[in-house]
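According to Swiss-Prot, the ATP binding site annotation covers G173, V174, G175, K176, S177, T178.
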Amino acid sequence: MLAETPLLETTLERELATLAVGRRYGKVVEVVGTMLKVAGVQVSLGEVCELRQRDGTLLQRAEVVGFSRDLALLAPFGELIGLSRETRVIGLGRPLAVPVGPALLGRVLDGLGEPSDGQGAIACDTWVPIQAQAPDPMRRRLIEHPMPTGVRIVDGLMTLGEGQRMGIFAAAGVGKSTLMGMFARGTQCDVNVIVLIGERGREVREFIELILGADGLARSVVVCATSDRSSIERAKAAYVGTAIAEYFRDRGLRVLLMMDSLTRFARAQREIGLAAGEPPTRRGFPPSVFAELPRLLERAGMGESGSITAFYTVLAEDDTGSDPIAEEVRGILDGHLILSREIAAKNQYPAIDVLASLSRVMSQIVPYDHSQAAGRLRRLLAKYNEVETLVQVGEYRQGSDAVADEAIDRIDAIRDFLSQPTDQLSAYENTLELLTSVTDDA
């Protein structure tokens, strides 16, 4: 009899879990793709629900993403395997929340904020909802100070400000992850929050161990939802990472938030929206995607005390402006770095296209001499690009254009300035000295 007691207690616990006073249970009436239609449950939009078997066993959780007449539309956080018409749906009366605290540093979480690094539960007593309002624009502090990154081309020519939101636009395979690793190691911040959305499973550990490194991980929180995870988890990863960054910002810290990538976040939102019955609009994206982008991106930036400086990567399909996500994000953020496949083919890294990239706040955070030197280098580089073909075929005549002559004489020094080994970081003062020497009297 005593041997059966643990089993009896487990059964009773399950039954009690299904008999909570005041709860109403819903029933799954239809499964359409990745969406559940549930009847008989009183829930609100964004509420988390539990999906349980009749004996009380928890199968998984889901979020309410819409309504259709008297039915609630739920997006499960995991696989649909095991669900049936006998599955009970229980609203928890709250949205998804994530644990926050100093114990998060050095940890790796999944897209729902659960630990996925095998190091056990996170010792945090505070939980915050992953959805929050952006700071009041009239209470935000101004962006007034540079935030050195250790990447020479960025610090010198498109200087990042503390609290700035910068986009990294690039095709696949031109060094986005490597550049993010350099930012994580070299940026002078207190905490890194790194969000990986839709990545290949192989790349996650490679990024953490080979690119980020042990020292970088020690002051970082990594949130990861790989490409095989559900669309709702991939989408929620962006909000989980942002909520964690907000927690540290609200405590007066300087936070670096890096999200790879916004494109995969938008695609996950598209899957959810289309499954819920939204009409497709630009390139198949429903209206909710374009509504969610500013809600997410405006949460970063300066706060009343701390700051969130953010990098968001965007998979740019082409340069014709036909990519609606790239176009929308470019209009929201405070600047953009364009990574070029042509520059990468020349073995020049970081493969940033200087003439196409821009920091919207650089002019208000750097001194006049710095701004002038950066402008001179851009002018020389633009002029050299104009005459490069003539130089290569031997048709350029020395003395025909004074600026072109200067650009040709200095192009090797300029290229040395623009290139940087991925395992080396450049001090901000050294970057400014080198920039001045390259452009002096130009």
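The backbone N, Cα and C atoms fix where each Cβ goes, glycine too.
Distribution of Swiss-Prot features across the structure.
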| residue | record | Cβ contacts under 8 Å, 6 or more apart |
| --- | --- | --- |
| G173 | ATP binding site | R341, A344 |
| V174 | ATP binding site | L339, S340, R341, A344, A351 |
| G175 | ATP binding site | L339, A344, Y349, P350, A351 |
| K176 | ATP binding site | I168, A170, D260, S261, T313, L339 |
| S177 | ATP binding site | E203, F207, I211, D260 |
| T178 | ATP binding site | I211, Y349, P350, T422 |
In DSSP terms, helix, strand or coil for G173 (ATP binding site)?
coil
Taking the recorded ATP site as G173, V174, G175, K176, S177, T178, identify the other residues of that chain whose CB atom sits within 8 Å of the mean position of the site's CB atoms, giving them in sequence order.
A170, L179, L339, A344, A351
